[in-house]
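Novice: Pasting in a structure now, in structure tokens, and then I'll have a few things to ask.
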Amino acid sequence: MSWGTDLWDQFENLDKHTQWGIDFLERYAKFVKERLEIEQTYAKQLRNLVKKYCPKRSKDDEPRFTSCLSFYSILNELNDYAGQREVVAEEMGHRVYGELMRYSQDLKAERKHHLQEGRKAQQYLDQCWKQMDNSKKKFERECREAEKSQIMFERLDNDINATKSEVEKAKSQLYLRTHMADESKNEYAAQLQNFNAEQWKHFNTAIPLIFKNLQDMDERRTVKLGETYRSFAEVERKVIPIISKCLEGMVTAAKNVDERRDSGIVVESFKSGFEPPGDFPFEDFSQNIQRTGSDSTIGTPKNDPGKPDPKHAIGKAKNKLWLFGKKPKAPNLEDLSHLPPEQRRKKLQQRIDELNRELQKEMDQRDALNKMKDVYEKNPQMGDPGSLQPKISETICNMEKLRSEIHKNETWLAEVEGGKQSTRSDRRPSTDVNHHAPHGRESPEGSYTDDHSQEHRTPPQPDPHEFDDEFDDDDPLPAIGHCKALYSFDGSNEGTLVMKEDEVLYVIEEDKGDGWTRVRKQSGVEGYVPTSYVEITLEKHSKGAVTYI
């Protein structure tokens, strides 16, 4: 089917149809633009979402739980997925929207050219018809005038009263009009023949050619739409394999979640290394009851009535159990002796590993500087070897400092692994409670030394916010031993107790592993003192009686 032959008389309708085709193409281009804007917004929102839930964190805050690691893997896959949505938007903008807009401009120019050609052909045909029509009207007028001249001549010729001159004049007028009518006839015939030729050419050659060009243009527009439809889908299909990999990565991350491993990490992170507390000893409150008769010989000896028994004196301080309650904060010591053994061991090992890495860097830098120095010595024109000596000296100094730090931390680590911590678990028994600890005992900071001439560090000071909570009840606790103060302690914080060097106190609650021991003065006042500040001897009848220093 051809527009040129079947639609030879539908120029205006074809004009409207081709305009509609271009409008439809531009409408589809607008649809693609809005679609790619949605993809861009979606990708941006996904990236913002990933950024929101993947905050920057320090190395120590890196997650170790498989559930956290899997979640961050999912976020990374989602970030890659957002990148593929951006690829979709970019490809749609380049291969579909941009191509459609360029093609639309070409179609408009081509349509305008074809329609102008059609209008020119129509105008030329109209001009030919007008010329033919004018010649026809002229021929018609000349024929009427010739008929009038003939009638006039015949009337005068038959009139006997008409003069000869009048008859001759009418005859010449008839001849003139007849001649003019013949000329108009010939002109009209020529114009008619020319119009018919132009009209045939118009409807059989010019218009079919123009309409065929319009048909080809419209068909190419339709083909282009089909190609862009396909490109629209191909853009999506192209990223499907990568998106599938992203989704597979999410599924793999989900499979990597291991509840047992996470539970093990919790144990590894918070295990203290202490043993669970033992049974509480029996508290005999009948010791102060006076016995009569023979009972007095087997009863508990009476105390001096004028001197209260400090073991059972009821102090203002209240009892506090730390098993599930809030513990006082332990001092933050360099040797990490305030931490439980297991946590201390891990922290020290991490510190040693980090120091070894820094030492390796310094050694690499020293080797590089020495090589550069050798090159300068062999080729003085390249540089002054002496200029590198300060840097080499500084590097060596840093190495010595790091080695010293490593040795110090390794010593502390050996103490932990050998059971020599400065907490309750590493205190050594002593049979002499009236003298200082034997030569070689640990200092208050938990560092072990065999040289008494070595300068000791200042005893650790407690956290100013320790012991914020009060004790829970007013019942007195029996003494389970006694201790001797090795150092003075100001007891400036709530819950702590002031003591002087060499002062003897009663122990009413052992160290629970946090570095604090609960004691009672002879006046009955109770409180906590640092375990490393006192020399402890537990009574033999108490559970687990042992002497600590």
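Note that Cβ sites are derived from N, Cα and C of the backbone, with glycine treated the same way.
Because TrEMBL annotations are produced automatically, they should be read as predictions rather than curated entries.
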Novice: Which range is it, out of 310-344, 345-379, that shows up in TrEMBL as coiled coil?
Specialist: 345-379
Novice: Under an 8 Å Cβ to Cβ limit, what residues of the same chain, 6 or more beyond the ends of the coiled coil (345-379), are close to it?
Specialist: 268, 273, 336, 339, 385, 388-389, 391-392, 395-396, 398-399, 402-403, 405-406, 409-410, 412-413, 416-417
Novice: Which numbers of helix, strand and coil residues does DSSP report for the domain 'REM-1' (338-415)?
Specialist: 72 helix, 0 strand, 6 coil
